[in-house]
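Structure first, commentary second.
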Ligand SMILES: Nc1ncnc2c1ncn2[C@@H]1O[C@H](COP(=O)(O)OP(=O)(O)OP(=O)(O)O)[C@@H](O)[C@H]1O
């Protein structure tokens, strides 16, 4: 078959995006086709830089060109990405493509640890990422990002004072912990906490972001309601540990977001502290909190399971010194990277399949 733009597109119509289950040409993912003699180059525009199926898609493209055009074509494929969004013309957070709430039922299950590591993982893959630490009961992001003593700047824009987020490890970050010493955080209950969250959303200079994570307080609270009433949330990541008492609370968290009046898509469940593993013996796994609790919870509610993170001393140490574990190579960072990729993949699928989430209008 002759090598032309049309024959290339026809060949690539045989390659499906394995998640969205439509072909790459229909999805407008093939760009910049260039042909010179028997040399062909083109770009595949993925829906996230953290696409776990990058290699599968690339190989499928190579196979399709060989099968439908010929084996003598020299093919050079550039894998690039453009993160998708369903958000459109919203006055709040106009440059933010996806808002991901991270929730848990119980406290202390590692919600902030997972948020910090997922955010850094996606930034390392090339995404633009921010975090709002809305955990008023225990704002831990300043510690986890080693910026406890930093103060966000303020920029005047007309009548408005805009907060400038702190930047650390490529992440834009704002926390209730920057506004009040951690030991006073408990006074930020109720309306004050809600108005602080609104300020973080409405009066902060976020610029362009692919993913903005919101680290919520544990359980279900006014802050959760404020969030879903203020902006359309793309989806929720629910973090749980595998034991029965944590799962019972996690279920309440899921129910809150899934109930009809709120109806925020669940991107999936992360099982943290899934098993203990000594760093020097990574093949030894001890299921001290039980096995597969998070996976079973996801199955029961028919929501995706995003993966498991082991209980490892280095994760706690990384949190305490403000150097997220994902930044050190090894099985722990691989586990976080897999969960980050699964989350980004779920965002892309959600954006392909569902319309923008509706902001919640609750009548009281
Ligand atoms: N997989 C893990 N392995 C080892 N330690 C962990 C792991 N996940 C979290 N931790 C540690 O457990 C503690 C609690 O974690 P974290 O603050 O992330 O929980 P949380 O659910 O956000 O808590 P909160 O209820 O305050 O919101 C921290 O010291 C953290 O470093």
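Just so you know, glycine gets a Cβ as well, placed from its N, Cα and C.
Record features, source TrEMBL:
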type	residues	note
DOMAIN	7-76	domain 'MIP18 family-like'
BINDING	105, 106, 107, 108, 109, 110, 111, 112	ATP binding site
Among 106, 111, the one of these binding-site residues whose Cβ has the fewest neighbouring Cβ atoms within 10 Å:
106
So around the ATP site, 105, 106, 107, 108, 109, 110, 111, 112 aside, which residues have their CB within 8 A of the centroid of those CB atoms?
104, 218, 239, 240, 241, 246, 272
Among all protein chains shown, how many Cβ atoms are found within 10 Å of the Cβ of residue 110 (ATP binding site), not counting that one?
22
So what sits near residue 109 (ATP binding site) in its own chain, CB-to-CB under 8 Å and at least six residues off in sequence?
218, 239, 240, 241, 246, 250, 272, 273
Helix, strand or coil at residue 111 (ATP binding site) [DSSP, three-state]:
helix
I'd like the per-state residue tally for the domain 'MIP18 family-like' (7-76) from DSSP, helix first, then strand, then coil.
21 helix, 20 strand, 29 coil
Listed binding-site residues (105, 107, 108), ranked by Cβ neighbours within 10 Å, top entry:
105
Along the domain 'MIP18 family-like' (7-76), what average pLDDT does this model show?
95
